[in-house]
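Asker: The structure's right below; bear with me while I get my questions together.
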Amino acid sequence: MEQPELFAAPEQPPLITAGVDEAGRGPLAGAVYAAAVILDPARPIGGLADSKVLKAATREALALEIQERALAWFIASASVAEIDSLNILRATMLAMRRAVQGLSVLPQLALVDGNQAPKLGCAVQTVIKGDALVPAISAASILAKTARDADLLRLHAVYPQYAFDQHKGYGTALHLQMLREHGPCVEHRRSFAPIKTLLP
């Protein structure tokens, strides 16, 4: 009996996948940032890791390389006013949605760092510690953090009395001391407890 000819199933092309991450959920001042990145498999980038474990100079060099080599990338933010009106979680989801919507290539899948993700126009999967495990999320974390750090340096030039260049808006002892001395400015998140206590 003649054996039927066997055909290999055609390989499915890999999904166009975006990594998504945020920077700046915890600080007392400044916008919350998010980035989305679709890496190019033909142009790998060495050294991608969670932005929090990288030195600033390494992050900045990698950010330039990501922008040069990725298939698509976009950085977005949600303002202090949006944080205060929506709450920080919803504002973070808004920034992530803006980042994915801004991509020049439409992803089929978004891998989002953490355990919560916004609704997007593609499939979504959350990844705990994704910024350390998934290169595209690592790339997004690097872009989001470098953009946010640059924004805080801009704020420092406008409001030098708060030393934003040193603490990047986080609730350090120095920042809290400056808040007690000068009171909050328009870039402080009034919905955050440490700022609320200083409001008249």
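The backbone N, Cα and C atoms fix where each Cβ goes, glycine too.
Relevant sequence annotations retrieved from TrEMBL are reproduced here:
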DOMAIN    15-200  domain 'RNase H type-2'
BINDING   D21, E22, D113  divalent metal cation binding site
Asker: Quick check: which same-chain residues outside D21, E22, D113 lie with their CB within 8 A of the centre of the divalent metal cation site CB atoms?
Answerer: V20, A23, A34, A35, M96, V112, G114, G130, D131, I137, A140, S141, A144
Asker: Using Cβ atoms only, which residues of the same chain lie under 8 Å from D21 (divalent metal cation binding site) while being at least 6 residues apart in sequence?
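Answerer: Those within reach of D21 (divalent metal cation binding site), by Cβ under 8 Å and sequence separation of 6 or more, are A34, A35, S51, V112, D113, G130, D131, I137, A140, S141, A144.
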Asker: Quick one: give me the count of other CB atoms within 10 A of the CB of E22 (divalent metal cation binding site).
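Answerer: The answer is 27 other Cβ atoms.
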Asker: Across the domain 'RNase H type-2' (15-200), what is the average pLDDT of the model, as a whole number?
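Answerer: Looking only at the domain 'RNase H type-2' (15-200), pLDDT averages out to 96.
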Asker: How many other Cβ atoms sit within 10 Å of the Cβ of D113 (divalent metal cation binding site)?
Answerer: 27
